[in-house]
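K.L.:
As annotated by Swiss-Prot, ATP binding site applies to 10, 11, 12, 13, 14, 15, 127, 136, 137, 199, with the evidence given as sequence analysis. Taken from Swiss-Prot, the feature AMP binding site covers 31, 36, 57, 58, 59, 85, 86, 87, 88, 92, 160, 171. For 130, 133, 150, 153, the entry in Swiss-Prot reads Zn(2+) binding site, with the evidence type sequence analysis. Taken from Swiss-Prot, the feature region 'NMP' covers 30-59. For 126-163, the entry in Swiss-Prot reads region 'LID', with the evidence type sequence analysis.
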């Protein structure tokens, strides 16, 4: 099963990715992990990526795509994979189609975890972190027993500056604009599957499981 996982910040992608790879024993391939592994192994593309990163420059598409090609050609991807964080653009998605064709494979589903942006705003702005021990809470979904006080160490809880409403709203807006062309691209190819991410996390996974179970 060859899957791509999509969703806006706060949609719960990480939780669902963990459950998918645990049940189906396929590698969870995130862009960051791919780059780190390629640079550590000193592959041709990894060394090229390192030369850009060391200069503080953006890694060009052809290098990123080369790293994806190297990674998807590895033995642990024979039974499938879960791509997370790639592709980000229609150009990258088109390049991925070519890679899959060359490998004699195809993308089975693009799973888009759908959550209303108002609910995402609530999820993302409700996070609170302990100044002392770093424990994470949520005002609505995982509140501390006593307001603004850490259950574990009694430290003071604070909101990160990038979790404030204006910053989060801007981040969501940028993400929505960036991902729409990609969602349209995959809808046209017939790969796109919309998953209701507003349910309980176990129900979200149950819906994904029903969809992808037949691919195993």
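Every residue, even glycine, has its Cβ placed from backbone N, Cα and C.
The shown structure was predicted, so the numbers you read here are calculated from the model rather than taken from an experiment.
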K.L.:
Can you check how the pLDDT averages out over the region 'NMP' (30-59)?
P.N.:
93
K.L.:
Sort the residues of the region 'NMP' (30-59) into helix, strand and coil with DSSP and give the three counts.
P.N.:
21 helix, 1 strand, 8 coil
K.L.:
Between C-alpha atoms, which of these binding-site residues comes nearest to residue 127 (ATP binding site): 31, 88, 133, 153?
P.N.:
133
K.L.:
Where does residue 160 (AMP binding site) sit in DSSP terms: helix, strand, or coil?
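P.N.:
Its secondary structure by DSSP: coil.
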K.L.:
Excluding near sequence neighbours, so keeping only residues 6 or more apart in the same chain, what lies with its CB under 8 A of residue 57 (AMP binding site)?
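P.N.:
Long-range Cβ contacts: none.
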K.L.:
What is the separation, in Å, between the Cα atoms of residue 150 (Zn(2+) binding site) and residue 59 (AMP binding site)?
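P.N.:
Computed Cα spacing between residue 150 (Zn(2+) binding site) and residue 59 (AMP binding site) is 40 Å.
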K.L.:
Name the residue among the binding-site residues 12, 14 whose Cβ has the smallest number of other Cβ atoms within 10 Å.
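P.N.:
Per-residue Cβ counts within 10 Å for the binding-site residues 12, 14 bottom out at 14.
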K.L.:
Hey, how far is residue 59 (AMP binding site) from residue 14 (ATP binding site), Cα to Cα, in Å?
P.N.:
24
K.L.:
How many Å separate the Cα atoms of residue 88 (AMP binding site) and residue 133 (Zn(2+) binding site)?
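P.N.:
For residue 88 (AMP binding site) versus residue 133 (Zn(2+) binding site), the Cα atoms are 34 Å apart.
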K.L.:
Count, for each of the binding-site residues 88, 127, 160, the other C-beta atoms lying within 10 angstroms of its own C-beta, and report the residue with the smallest count.
P.N.:
160
K.L.:
Given the Zn(2+) site residues 130, 133, 150, 153, which other residues of that chain have a Cβ within 8 Å of the mean position of their Cβ atoms, reported in sequence order?
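P.N.:
So the additional residues around the site are 131, 132, 134, 135, 151, 152, 154, 155, 157.
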K.L.:
Specify the count of other C-beta atoms within 10 Å of the C-beta of residue 130 (Zn(2+) binding site).
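P.N.:
Summing over all protein chains shown, residue 130 (Zn(2+) binding site) has 20 other Cβ atoms within 10 Å.
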K.L.:
Determine the Cβ neighbour count for residue 150 (Zn(2+) binding site): the number of other Cβ atoms within 10 Å of its Cβ.
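P.N.:
Around residue 150 (Zn(2+) binding site), other Cβ atoms within 10 Å: 22.
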